[in-house]
Amino acid sequence: MTRPRLQAEHVRLGYDERIVVDGLDFDVADESVTVIIGPNGCGKSTLLRGMGRLLRPRGGSVLLDGKRIDKLPTRDVARTVGVLPQTPSAPAGLTVGDLVARGRQPHQHWYRQWSAGDEEAVAYALSVTGMSSFAERPVDELSGGQRQRAWISMTLAQQTSLLLLDEPITYLDLAHQVDVLDLVYRLHTERGTTVVMVLHDLNLAARYADTLVAMHDGRIVSQGKPGEVLTEELLSDVFGLDAKVVSDPVAGTPLVLPISAHLRDEV
Amino acid sequence: MSAVRDIESVPGRKQVRLGRLAWSLRPRSALVPAVCLVLLVLVAALNIGRGSSDIAVFDVLRTLAGGGDHAETGIIFDLRLPRTLAGVLVGAAFGLAGALFQTVARNPLASPDILGITWGAGVGAVSVIVIGGSAGQVSGVVAELGVPLAGLAGGLVAGLLLYALAWRRGLDSYRMVLVGIGLAAIGHNVVYWLLTVGDVDDATRATTWIVGNLAGVGWESIGPLALALVLLVPVTIAGVHTLGGLQFGDDTARGLGIRVDRTRAVVLLLAVALAAVATAVAGPITFVALATPQIALRLVRSPQPPIVGSMVLGALLTVGADLAVRTVTPGLPVGVLTAILGAPYLIFLFLRTRKEARA
């Protein structure tokens, strides 16, 4: 068993007076795809922000490759860990090309702000997200889905071996959701990128995750292979959802079929 | 193979390389400051030429280049140059301070005048003029140095207060603007209270200073101002790249490896120092710090206030306003006109941008 890339040890996270996550332990294995699921307000995003050193823990610590992340120079961390926050905001008028180029910041110096390596990384990030033709368009004039892809593109331009993505497919239609997850999976298989994502779509989460993590009230309730975690009991306990779980005919992973109120008598 | 060709370059980001150094450059971000710089030289030469005996622009330029006759050299270097040079330096300092404030606060309203820095400087300077003047203890060299130094101290105190009051687990930009407006209101009222307390002569002197005036500036104030700019400008330009990251939300900036709180603190300190030094020399020349970064941003068409563009445009606006005020109504302080010139242009730009966005 190799050492985990990213670890939370008894981590305590919160905002002002409110503690959201308390004494949580969590390991992210190298070259794995970990997906965190859970109902709204369960602390998924808070945990992800803590793991990505966007939020300083009140207690415990986060370790990146065995070293405390808050003791490492934040620029060095930015060359290893790419974080896509949930609702990023860009200044008005910023073009997609400039947004994605910003992902190169941790690799740049004031005297070398746009090297051939930067150009290559940005061009690659634009091309794999299908945003090359939008490079000169302002971000604030894009549709929600295009904007989301532009931000993902920026995170990819950072060229990190670890990606933390907070709801990367929320504003996308199903085809684009699959596109983005396929892309993430490709980075994982081709480049060995370690990925931690927060997703709301349970079926896609089950399909793409090596490890599924279910959270409830700031605690990890269940963790493991999607088939072990995503059970009818868990859906009822954690989400309060009455559902049937069958085997996905396409992937063989669990498929959640919610039982709507008006159908309840017939099932 | 077309996919490979596609990833060769990024549209809209032209690479400029110089050995190991490399930047991306848009024509506009170089062109606009260049054009403004040429205009600035012309306007400055016109302004220097103006006086009890007018000197032609060409002669002014020739004299500045070292080729003038004895009389012209004397008049220009001893008498005329300090005023215009002060205009250039003060304008550049205000333009840069405004650009930094607006970048840190991510708010076009943030500028040293709105956030109370210049009013803090005003309280310091007017205290010395009014209290010192009526007590009869301040005279000569002390009066010469006392007003700018008190202005500088007042501006720095206001900056520290702004920072301390706006801090709550990091510097919140919205909170900063609100606290700043409050500080400005307090500073404003203290200044007017001082004016009513002081005697008429001092109050008149103080009022001229409050509006912003380049008329009385001599070589002795140019030195400290130039020194401040020489020290602060290179630091800022080296930091421009990091500054760009602050334009995004805090989470994004942290994710990119920027020490958000520390960077904000340093940038704010630089901006306060620039604004305080400039105010100390010429008084709070209103509107330059607020308007020039926004005007420069729209001319350059960049998403954030351009640093160099704001400086050159700040200098141009200040010297241009000085020239205009001396031509139309001699004796009126320059600060009166910067607002009259800057405000309509800013409104025009806002309206035009809105129209473009709708089209």
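Here the Cβ of each residue, glycine as well, is placed from N, Cα and C on the backbone.
Just so you know, TrEMBL annotations never went through curation; they're auto-generated.
The transmembrane segment annotation in TrEMBL covers B:30-49, B:84-102, B:114-133, B:145-165, B:177-195, B:222-244, B:265-287, B:332-351.
Contact between the transmembrane segment (B:114-133) and the transmembrane segment (B:177-195) is present: at least three CB pairs lie under 8 Å, with pairs separated by 6 or more positions in sequence. Highest Cβ contact count with the transmembrane segment (B:84-102) among the listed stretches B:30-49, B:177-195, B:265-287, B:332-351 falls to B:265-287 (criterion: pairs under 8 Å).
If one looks beyond the transmembrane segment (B:265-287) by at least 6 residues along the same chain, the residues whose Cβ comes under 8 Å of a Cβ in the stretch are 86-87, 89-91, 93-94, 96-97, 100-101, 103-104, 112-113, 117-122, 125, 147-152, 154-156, 158-159, 162-163, 171, 208-214, 217, 221, 224-225, 228-229, 232, 235-236, 239, 243, 246, 318, 321, 333-335, 338-339, 342-343.
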